[in-house]
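Reviewing the structure listed below.
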């Protein structure tokens with residue numbers, strides 16, 4: 001089994017983002033990606049990852065209003081994992097690597113092939129796209145970040161378009177909007193890093209919460225879902241070799 005720890009926060013208390021690569025234990029095993037709902041922990045990361053690698057995982061494919069899903073049950077006797085959710089549902093569209101091999105409505109044990117733990121800031125210092133969308137009234141435009149990454153092993157580059165937030169803009173401000181937003185975002189973002197969670201997510205550390213980053217606490221981490229964007233690459237390969245090199249911004253009017 002492979003284990004990986006990504007420390008994006010060094011505090012004694014942190015938010016744990018845990019993702020597993022597992023293989024079903026049956027005659028025709030499917031490869032699955034399992035991510036655990038984020039939880040708070042004060043356990044040293046090196047100790048937590050050891051306990052995370054020793055759990056038992058059961059999965060069952062089900063149907064929900066959101067589409068095909070997986071019901072996940074985690075069994076552990078470790079007090080260290082007391083804060084970790086043990087029963088939850090995740091999207092099968094992101095989780096399943098080999099859909100045809102996964103039976104419906106059958107509970108199956110899994111073998112853990114890899115486990116990744118990312119230490120993020122405490123929940124009060126995390127912001128998502130959904131959080132910002134709820135705080136924007138009468139939006140007129142949306143801000144898209146075009147995040148460029150480079151594979152340091154091959155020098156290949158990929159640009160991932162990520163929806164950041166809706167904004168409300170007056171007509172008189174439209175001409176200068178893009179320059180203003182680009183300046184604000186460049187001042188606000190100190191880094192961006194891909195981590196394995198719900199497929200993949202982008203973590204942006206924000207230093208300035210003016211203008212486009214209003215409602216985000218300074219020094220907080222902004223989390224953007226990428227899903228299975230780079231699914232053909234292994235999670236470890238992506239997180240080790242894909243480095244953030246640049247970010248451009250696009251301001252688009254909302255479409256009806």
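Quick reminder: no glycine exception, Cβ is built from N, Cα and C everywhere.
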Stated Swiss-Prot location of motif 'Nuclear export signal', expressed as one of 194-206, 207-219, 220-232: 194-206
All-chain count of other Cβ atoms within 10 Å of residue 205 (phosphothreonine): 17
DSSP helix/strand/coil residue counts for the motif 'Nuclear export signal' (194-206): 0 helix, 9 strand, 4 coil
Same-chain residue ranges lying at least 6 outside the motif 'Nuclear export signal' (194-206) that approach it to Cβ under 8 Å: 4, 6, 8, 17-19, 33, 35, 90-91, 94, 116, 118, 120, 127, 147, 149, 160, 162, 188, 213, 216-231, 235-236, 238-239, 242, 244
